[in-house]
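Chemist: My structure is below; once you've seen it, I'll send some questions.
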């Protein structure tokens, strides 16, 4: 069996890993990337995650038919996939090995690719294997030929006439809106009785109302009992379906790694346990991206790379605990975006706040794009005038939230956004009005 030595081994071709490999090469260090699936060069986002799904969402909003939208998605994915691969693999000291990696000990990996077995030894090892959709234990789910995950939903050759989605989380809602726009009859089945329990009640109610108005059928508090090829039995009712999309969460890709052989421990939630430097319980092994838990976002994987890069080639000042403000967006229609505290969290934590709130309808841009739906909310510290958090549910909120994020990062008083000169007409100028609308 061939044995090769590398200073750095990266398991998984995700965003953090490929960025790190490129940087290591630029600093004169060899880096081996091990990837089990060539289709996943670049990781989840460009191949089966945010980029292709948002391409389809935008295509639906532009009233493309399903086949046109899928063709567009494939073109976008190919460009991003190739760019991600060559951006790392073309570096002179970066090597790519296809196969399934398994730890033999904390420095040694066995890589299996068909009948070929290789052994590699690394001074540093970075686990960047990502996460995958969870398949819940439901009678008939393994036998049904029409059960799909979010990844499978983006590979369909035909638009399902009837789509049942199990789970009303963020991923489920994005796909519900997307397929509804293409013309599918969409039914969501959610076991919890509360819709979007992590959001403020007024925001959840507004989103629920808008989804229902668009034609999406939502059933709360129903447990799925059985699945066949064409039906879902839940809450004593039978729902017919051409496809059944399971959107019940994600789990880390660690099944084949033999982490125990390397002494790598897991957290209570089953993800790889890491410290403030993204190091695992084994000194020479790091975990980056979705496999370590927390928010599963492309931009957090990018920031994981920055933390490790700062350790290896910087002043070691950047820590995971510095990441206190993380915005996120849910690409429903209109988009929901959040950062910091909302009212529910502030009340639970006993944090005093001033509330600013307005409807999106008065913003001129909302009239221009003919979508006046939505709500803008922000919480402000009554002592410092700094923004504690914001919830934006309106057209283009995924862009506007970054203005709020930057203001919070810079500890800027809310009056700066209230009085800022914005171009017109834009959704960003809604912040002028929001911070003049205090709820007394």
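Cβ from N, Cα, C; glycine included.
In TrEMBL, annotation is done automatically, which means it is predicted and not curated.
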Chemist: Given TrEMBL annotates 167, 168, 169, 170, 171, 172, 173, 174, 190 as NAD(+)-binding, which of 99, 114, 236, 249 belongs to that site as well?
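Modeler: Between 99, 114, 236, 249, TrEMBL records just one in the NAD(+) site with 167, 168, 169, 170, 171, 172, 173, 174, 190, namely 249.
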Chemist: Kindly assign residue 424 (active site, proton acceptor) to one of the three DSSP-derived states: helix, strand or coil.
Modeler: coil
Chemist: Give me the non-local Cβ neighbours of residue 45 (disulfide bond): same chain, 6+ apart in sequence, Cβ-Cβ under 8 Å, ordered along the sequence.
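Modeler: Long-range Cβ contacts: 15, 51, 298.
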Chemist: Round to the nearest Å and give the CA-to-CA distance linking residue 173 (NAD(+) binding site) with residue 54 (FAD binding site).
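Modeler: Between the alpha carbons of residue 173 (NAD(+) binding site) and residue 54 (FAD binding site) there are 13 Å.
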Chemist: Around residue 424 (active site, proton acceptor), how many other CB atoms lie within 10 A of its CB?
Modeler: 9
Chemist: Across all protein chains in the structure, which of the binding-site residues 54, 173, 190, 290 has the highest Cβ count within 10 Å?
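Modeler: The most densely surrounded of these binding-site residues is 290.
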